[in-house]
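Listed in TrEMBL for this protein:
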- 1-233: domain 'Deacetylase sirtuin-type' (DOMAIN)
- 8-27, 90-93, 175-177, Ala219: NAD(+) binding site (BINDING)
- Tyr52, Arg55: substrate binding site (BINDING)
- His108: active site, proton acceptor (ACT_SITE)
- Cys116, Cys119, Cys135, Cys138: Zn(2+) binding site (BINDING)
Amino acid sequence: MKIFVLTGAGVSAESGLGTFRDKDGVWTKYDLETVATPEGFARNPVLVRDFYNARRANLMDAAPNAAHFALARLEAELAARGDELWLCTQNVDDLHEKAGSRRVVHMHGELAVTRCHYCQATCPDRGALTAEAVCGACGRAGGARPHVVWFGEMPLHMDEIEDALAEADLFVSIGTSGSVYPAAGFVTQARAMGIATCEINLEPSANAYVFDEKRYGPASRIVPAWVQDVLGA
Ligand code: APR
């Protein structure tokens, strides 16, 4: 059996990392055109770097919750019996890795990685993004940006993701509002390929009507219970 899990900000909410579109979400406090687009970075790189530096600082203190640990356990136990978990996240945090997940595909990039705007070289980096930083690959200064996918940019690893989804027996969406494509379209693609689908979220998402099975409540409670059901079945 192959299970494809897609996670969103809701899986990290109980770890203290804010979601985007809930009450008090990131996009209720910041203008996404200003801080999360290539045009915004070109207009005001200082403000954009400050925004991501604050999010990097939050990441340092954040710890995985029971949902992240349950998914790491699921990966290990499925592998032990010859099955497979394919974990794809829209999150730019590293809480799946901190919980012990071994293979995590970050389709929206990673906050703790810096990318050079000029040559696109990436390197792990949890420190503050600065205008003075010199790229280790091309030697130019002033191009340091977070390795996150901004609005108007292509998500990462899409070929790999499409292949994994096509091979799945079950597609499970956890903690996402289902409002950002292409991830929001995975459930429809899965349904069209005859793959069983399940939504786990605090409340019905924009795509709730497409899913076969739905489980609602906090991820820290619902995900471990779902993992137990999968492994016990
Ligand atoms: N447990 C489960 N679900 C939760 C919890 C929780 N404790 N708290 C909130 N949620 C749900 C909300 O009900 C909401 O449906 O998580 C979802 C979060 O939705 P968004 O804030 O829209 O986050 P996400 O879907 O991950 O956003 C997608 O948008 O801005 C971009 O690139 C950013 O990757 C992000 C993308």
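Using the three backbone atoms N, Cα and C, a Cβ is placed for every residue, glycine included.
Shown here: features listed in TrEMBL, placed on the structure.
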{"residue": "Gly8", "record": "NAD(+) binding site", "Cβ within 10 Å": "27"}
{"residue": "Ser12", "record": "NAD(+) binding site", "Cβ within 10 Å": "27"}
{"residue": "Gly16", "record": "NAD(+) binding site", "Cβ within 10 Å": "11"}
{"residue": "Asp24", "record": "NAD(+) binding site", "Cβ within 10 Å": "8"}
{"residue": "Tyr52", "record": "substrate binding site", "Cβ within 10 Å": "21"}
{"residue": "Arg55", "record": "substrate binding site", "Cβ within 10 Å": "19"}
{"residue": "Cys119", "record": "Zn(2+) binding site", "Cβ within 10 Å": "13"}
{"residue": "Cys135", "record": "Zn(2+) binding site", "Cβ within 10 Å": "20"}
{"residue": "Cys138", "record": "Zn(2+) binding site", "Cβ within 10 Å": "12"}
{"residue": "Gly175", "record": "NAD(+) binding site", "Cβ within 10 Å": "27"}
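With a cut-off of under 6 Å between the Cβ and any atom of ligand 1, the binding-site residues Ser12, Phe20, Gln90, Gly175 reduce to Phe20, Gln90, Gly175. In sequence order, Thr122, Cys135, Ala137, Cys138, Arg140, Gly143, Ala144, Arg145 are the residues of the chain that are 6 or more apart from Cys116 (Zn(2+) binding site) and have a CB within less than 8 Å of its CB.
Between the C-alpha atoms of Tyr52 (substrate binding site) and Phe20 (NAD(+) binding site), the distance comes to 14 Å. Neighbouring residues of the recorded Zn(2+) site, listed in sequence order and excluding Cys116, Cys119, Cys135, Cys138, comprise His117, Tyr118, Gln120, Ala121, Gly136, Ala137, Gly139, Arg140, Gly143 (Cβ within 8 Å of the Cβ centroid). Here Asp24 (NAD(+) binding site) is compared against the recorded positions Arg55, His108, Cys119, and the shortest C-alpha distance is to Arg55. Mean per-residue pLDDT, taken over the domain 'Deacetylase sirtuin-type' (1-233), amounts to 97. Around the Cβ of Phe20 (NAD(+) binding site), a 10 Å sphere holds 19 further Cβ atoms from the protein chains shown. If you take the Cα of Phe20 (NAD(+) binding site) and the Cα of Cys119 (Zn(2+) binding site), they are about 30 angstrom apart, rounded to a whole number.
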